[in-house]
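In what follows, a structure is listed as structure tokens, so that the remarks can point back to it.
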Amino acid sequence: MSFMADQMLCPFYDVGSCDRGSNCVFVHGDVCDMCHKACLNPNSPQQRKEHNLKCVAEHEKAMEETFAIGNAIDKTCGICMDNVREKNRRFGILQNCRHCFCLECIMKWRQSEDVELETIRSCPECRIHSDFVIPASIWVDEGPEKEKLIEEYQENMAKKRCKYFKPNNPDSCKFGNKCFYRHENADGTIAKCDSPTEISRRYQNRPGW
């Protein structure tokens, strides 16, 4: 281990408890100005560079989260009129509009059985159509932050198998190529599905419909 000692940071020095001082066989790291930890290896410029990049990225992420939390403090649900954060609820962020709702309220709205489909897929306030609702613990209403949230949500949905889709039966899910979930055949390939309109038309033309 001695031939690698000059490349290994002392884990005790990092937490302020190394009692060997200058006699320690391990490296006593320099203190990072960002995280204030003794984790910069004076013998490794590459390690210092990599840590600095990681530390800056983590700091920027923490700042973004702090800003997002602050931005959500006074947000009230447009349906129940409660402050979403004060009620310890999640936000239900609509894809195409900026109005604020708690997840519970907007999902109840979109599951109403006595309202036309186009109406319940629209915002209760502005009537702009949204195909989906994103559950979120922070509030974002526009810009790159919302675009990133939508992208991550769709990527996560695409990894999950659709509960309606039956392998090798592209018409088994009525949402067709508009479904956000994974339509996977028995051989692992992704099924090519038609639009919901085309699938509905085929069902209506079947005998006994």
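Every residue number used here counts from 1 along the chain in the order it is shown.
Cβ coordinates are placed from backbone N, Cα and C, and glycine is handled just like the others.
Unlike curated records, TrEMBL annotations are generated automatically.
Under the heading domain 'C3H1-type', TrEMBL lists 4-31 (among others). Using a Cβ-Cβ cut-off under 8 Å and counting only residues 6 or more beyond its ends in the same chain, the domain 'C3H1-type' (4-31) has close neighbours at 37-44, 48.
When pLDDT values are averaged over the domain 'RING-type' (77-127), the model yields 89. As annotated by TrEMBL, domain 'RING-type' applies to 77-127.
Taken from TrEMBL, the feature domain 'C3H1-type' applies to 156-186 (among others).
Per TrEMBL, the feature zinc finger maps to 4-31 (among others).
Tertiary neighbourhood of the zinc finger (156-186): same-chain residues 131-132, 192-196, 198-200, 202-203, selected by CB-CB distance under 8 Å and a gap of 6+ residues from either end. As annotated by TrEMBL, zinc finger applies to 156-186 (among others).
Secondary structure of the domain 'C3H1-type' (4-31) per DSSP, as helix, strand and coil residue counts: 11 helix, 4 strand, 13 coil.
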